[in-house]
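**Q** What follows is a single structure, and I will ask about it in a moment.
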Amino acid sequence: MAGRPATKKGAAKASPVSSPQKNANNKRKVNPVKEPVAKKAKVAAGKAAGKATGKKAAKAVEEDSEDDESWAYGAVDESDSEVEEMDDEFVSAEEGSDIEVGALNDDFLGDEFAESDEESKAPGTAMFGSDEEDEEEGEEEEEDEEDIFASNSEDSDDDDDMEAKSRKLDAAAKAEAEEAEAELQTNIMLENDKYVLPGDDHEILQSTDLQVVQARIQEIVRVLNNFREMREGNRSRNDYIAQLLKDLCLYYGYNEYLMEKLFYIFPVSEAIEFFEANEVPRPVTIRTNTLKTRRRELAQALINRGVNLDPVGKWSKVGLQVFDSPVPIGATPEYLAGHYMLQAASSFLPVMALAPQEHERVLDMASAPGGKSTYIAALLKNTGMVFANDANKDRTKSLVANIHRLGVKNAVVCNYDGREFPGVIGGFDRVLLDAPCSGTGVISKDASVKTNKSEQDFQMLSQLQKQLILSAIDSVDAGSKTGGYIVYSTCSVTVDENEDVVNYALKKRPNVKLVSTGLDFGKEGFTRFREKVFHPSISLTRRYYPHMHNMDGFYVAKFKKISNKIPKKEDNVDLDEEEEFTPITEETGKRSRGKKSNGSKTAEEESISFNADEDAELIRASQAKLLQQQKGIKLRPKKST
């Protein structure tokens, strides 16, 4: 830009160099000097417009240059040097540097075009103007150039201001858009506050599209959470719940009976969380076998094999949670060597509640596949004795295999129906009963539970659990110096299999009481559930849910046996408490009830404790029978002294 003013001043000084006689020609020479300036602007405009309009702008510049005949007049009286000088100026102006072209803003180009238009209207004025007019025009051009430079510097400052303003405008526009979106969502919520429940014959209600069903579930849950304000007309709560249960059965795949049984355990929103959690598998956990290694050493060995793991939680000193493993976690050298056991975190809880002490005699009534039995043996440090019993003989194979693999040396494996205890053997310090159950807490592992459980199944299981818990209580010696405890647990969340069974045991065995489980987390057991009212001490029991504790659904209760003598039943006991239940037979299909007890008990029933002489006779009789069957040897009866 600095070269252009010098060129103009030089052109203005070159015009009066010749003699005064050539003033007329000089006047014409001034215009040729001005013409290239105008043409420079036109060329610049042509270049700028060429990008947008292509050949039209260039053609317009050429036509303007051809129409303007001032170059012809200027070339008549000038010498060749002057013509060449003007040609050079024209070429330089026509070619113009990028800086010069960029320096011509729109206002300047508009003024030049305005002048060129006036010159085209009155060419004689442009050619025969006076020297004073020429000088005034030169001064105006210099002022225009100064204004251009000033405007450019101001434009740079204005650009910065414009950027800041643009950012502010963008931020304001974004904020306004967010407010509009929030207002729109609010309006939508306000419009849909009162959800209209479709009729039985409505197409939406009959739809099996899971997206439609899920949306309806969310709407009904929202209405039920604020029923007084959001319900539709005179619709009752039961109407919404009935529709919700149908939708949940369709969406999650439960049968109607089990869905209703599980739904009423939780508040509405929590019930949805429970069903959703059952669709997600629980984390893989392992238990360190402290008979062979320590948790830190085991963790380091598995980390060296690329296993990603962490402690299962502060509540356990032996549990590890496995997130990722490049090798099968059940086939590592450490697993085969018995350094750990694949075991669900929830099955740690009953053993921790039992808290066996060294040199105690402990019974695990339903022990297969051996996770809890081997954990008890590890806590006993291979002292005392663990009776690992299971009613299913086939399952005892895996039990024996795990006992050998983990290095347990104080275990006795037996195959009896748990209800036969203490007839088989009694007088234990502690008894663990992880009772057979419906498995409603482990639906994430076994999805068949959703559809294959009926009311009859729950009746049979509840009856079996009540019989087993009474046998477990009777198998414990209340006179044990360190023990006298019974732990009852299930992998179910239903009240029929948990609080109802515990409450039954408290009524049938007044010589026991509930004590704290020693577990510092978990929800308290129910003392009231719908129409049922349980003993207040049942609040000491603990419930565990997959959506709250990220482990299988579980229930744990701990009893303390006070006396081996069972108190006599009072005369005012209800009929339901005195009736003994028998299994539902296939022949009748109905539950048969036992005879009403007359309140009398034999001496054997009054006091059940460990008797070494009776056990010796039983052992001798079983040995004699075994020898006679295998080798034909018949033992002589023992002489009485």
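Each Cβ is built from the backbone N, Cα and C atoms, and glycine gets one as well.
Feature table excerpt (TrEMBL):
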- Cys491: active site, nucleophile (ACT_SITE)
- Ala366, Ser367, Ala368, Pro369, Gly370, Gly371, Lys372, Asp390, Asp417, Asp434: S-adenosyl-L-methionine binding site (BINDING)
- 1-11: compositional bias 'Basic residues' (COMPBIAS)
- 43-52: compositional bias 'Low complexity' (COMPBIAS)
- 77-98: compositional bias 'Acidic residues' (COMPBIAS)
- 108-118: compositional bias 'Acidic residues' (COMPBIAS)
- 130-162: compositional bias 'Acidic residues' (COMPBIAS)
- 163-177: compositional bias 'Basic and acidic residues' (COMPBIAS)
- 274-562: domain 'SAM-dependent MTase RsmB/NOP-type' (DOMAIN)
- 1-177: region 'Disordered' (REGION)
- 569-609: region 'Disordered' (REGION)
**Q** Are there any residues in the same chain, six or more apart in sequence, whose C-beta is under 8 angstroms from the C-beta of Ala366 (S-adenosyl-L-methionine binding site), and if so which?
**A** Asn389, Asp390, Ala391, Gly418, Leu433, Asp434, Ala435, Pro436, Leu468
**Q** Fewest other Cβ atoms within 10 Å: which of the recorded positions Ala368, Gly370, Lys372, Asp417, Cys491 wins that one? Let me know.
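**A** Lowest Cβ count within 10 Å among the recorded positions (Ala368, Gly370, Lys372, Asp417, Cys491) is Asp417.
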**Q** What Cα-Cα separation, expressed in whole Å, is found between Cys491 (active site, nucleophile) and Lys372 (S-adenosyl-L-methionine binding site)?
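**A** With the alpha carbons as reference points, the distance is 13 Å.
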**Q** Roughly how wide, in whole Å, is the group Ala366, Ser367, Ala368, Pro369, Gly370, Gly371, Lys372, Asp390, Asp417, Asp434 that binds S-adenosyl-L-methionine, by largest Cα to Cα distance?
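**A** Answer in Å: the longest Cα-Cα distance is 19.
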**Q** Under the DSSP assignment, what numbers of helix, strand and coil residues are found in the compositional bias 'Basic and acidic residues' (163-177)?
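**A** For the compositional bias 'Basic and acidic residues' (163-177), the helix, strand and coil counts are 15 helix, 0 strand, 0 coil.
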**Q** Would you kindly list the residues that approach the compositional bias 'Basic and acidic residues' (163-177) from elsewhere in its chain, counting only those six or more residues past its ends and only Cβ-Cβ distances under 8 Å?
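**A** Result: none.
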